[in-house]
Amino acid sequence: MHVLLCIVTGRYSSRLYIAYAPLVVLGTLLAALVPVVGFNAVMTSEHFASFLVFIIIHVVALVYHVKGNLSPRMFKVAVTLVVSVGLVVCCAMIAVLIALVASSPTKGWSGRSLSLLDPTYASKYIPIIASVSEHQPPTWPSYFMDINVLAFLVPAGIIACFLPLSDASSFVVLYIVTAVYFSGVMVRLMLVFAPAACIMSGIALSEAFNVLTRSIKFQLPGSSGISQSGDTSMNTEGEQNDIAKTEKMDETAKERPSKKNKRKEKEPVVKASIRSRIERRLLVLPLEASVIAIILLVLLGAFYVVHCVWAAAEAYSAPSIVLTTYSREGGLHVFDDFREAYAWLSHNTEVDDKVASWWDYGYQTTAMANRTVIVDNNTWNNTHIATVGTAMSSPEKAAWEIFNSLDVKYVLVVFGGLVGYPSDDINKFLWMVRIGGGVFPHIKEPDYLRDGQYRIDSQATPTMLNCLMYKLSYYRFVETDGKAFDRVRQTEIGKKYFKLTHFEEVFTTHHWMVRIYKLKPPKNRIRGKTKKSKSKASSTSSPKRSGTGKRNPWH
């Protein structure tokens, strides 16, 4: 974008060509050496814009080279020939590109790239991308939390870049504009916006300190800028006369034919230095105001450093697996339920047992419990994740059949209704419905909504009250307070008393944040006449492998 802007505004130079052309070639070759990228560096649509500008800058370089070696008449003939040949070549290349990307339903663009260009694309077509919290649009408080005072310095830096606008300042302006747009699409791209905000704020502070320190320098005793007598009116009149003389000298210099450029190269430099010196003297602020402004800017920077240290310590350094909160008396309370659940899985299950949960907890279960999971944070397999979402959205029997077909032994759910933990599976459940419904059409989101509202109270739909996620989350929840009041949703649940027929509870953490269930084994089918006595005798004599009868050392 920067190179294209420089070409359009007539600021092309050999320096621009040397900086950009090798970058595209070497960058593409180095990217292709990465095994994950490979030929995607030249086959995906995200890179076509840089290749197009690469061709344009070569055409412009050729035009400048030919223009310097041909007469004006021959140059017009050459331009006509080049334009006609160039159109044919461009049409051929466009046809090839269309043939390459036409086979892709997204025209060669990845889902994340399309989400950046169209923020509503992921929510419409790829719910797995939209379900990630990092891909949600940021809120205004998140901007002030992350960049703090830089939010007020960035506009000042943009204004300073236009005074005057150069190649470097135009690059920075493009950088901040694109970074602001992308950060407004995804909250994770605040990492892209932060360096641009720091650069712009640094430019603003540099210009401010430049004006303030120059004002102090010109007003110090013994300075040659302004006399000690304080006769500012005469100085101002003299400066205005100097500016008028300088402007007249510039006009006469422009009218004269420049035959001897080498002799007069120094004259414009001297005139520009005189004029800039006079303009700087016009930007003199009072001494007291300059000193106070410098002190305030230093204090502003110091408070910003304190805020950054606090944000790094409190917001970005706390592990997400161990949660902490403060009581009204100021005491620290630790919620260590995740590690408690993973330790139970590690010590009370077989090594080859498979655990089913939502994909958010896949990596943690694999690393801390050393157990195989069905889906994890590597979300490339959308069908696999949709299968788990369908199981969670289905009734208990249908969910048992899905998990049994996947050779699942345990199901893990996260529930925050008792302690008020908002990032639980009930709040994520609609994303499970959407992702599952994208692959399996019999899962429909309206079946889980009452008049377009997501409810878990007495007004909830029967489909919602009978799905597996609801039952695994609220099983025996009424035993906690007798009312089954959900502190996250701030309501009493709709279905309080029910039993599980295909799953059995084997472990619940201290704060009920993580609940683990085991699939019951399938009942034996006896051909012919069913003998109840035999089935009862076999059920009573068969030993139970579940951990409910034993006292759990991890509870």
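Even glycines carry a Cβ here, placed using N, Cα and C.
The feature compositional bias 'Polar residues' is assigned by TrEMBL to 223-238. Residues or ranges marked as compositional bias 'Basic and acidic residues' by TrEMBL: 242-268. What TrEMBL lists as compositional bias 'Basic residues' is 524-535. What TrEMBL lists as compositional bias 'Low complexity' is 536-555. Per TrEMBL, domain 'Oligosaccharyl transferase STT3 N-terminal' is recorded for 1-200. Annotation source TrEMBL lists domain 'STT3/PglB/AglB core' at 352-411. Annotation comment: TrEMBL describes 223-268, 524-555 as region 'Disordered'. The feature transmembrane segment is assigned by TrEMBL to 20-42, 48-66, 78-102, 143-163, 170-187, 193-212, 282-306.
Between the transmembrane segment (48-66) and the stretches 20-42, 193-212, 282-306, it is 20-42 that has the most C-beta pairs under 8 angstroms. Take the transmembrane segment (170-187) and the stretches 20-42, 143-163, 193-212: counting Cβ pairs under 8 Å, 193-212 has the most.
In the domain 'STT3/PglB/AglB core' (352-411), the DSSP tally of helix, strand and coil residues is 33 helix, 8 strand, 19 coil. Averaged across the domain 'STT3/PglB/AglB core' (352-411), the predicted model reaches a pLDDT of 92.
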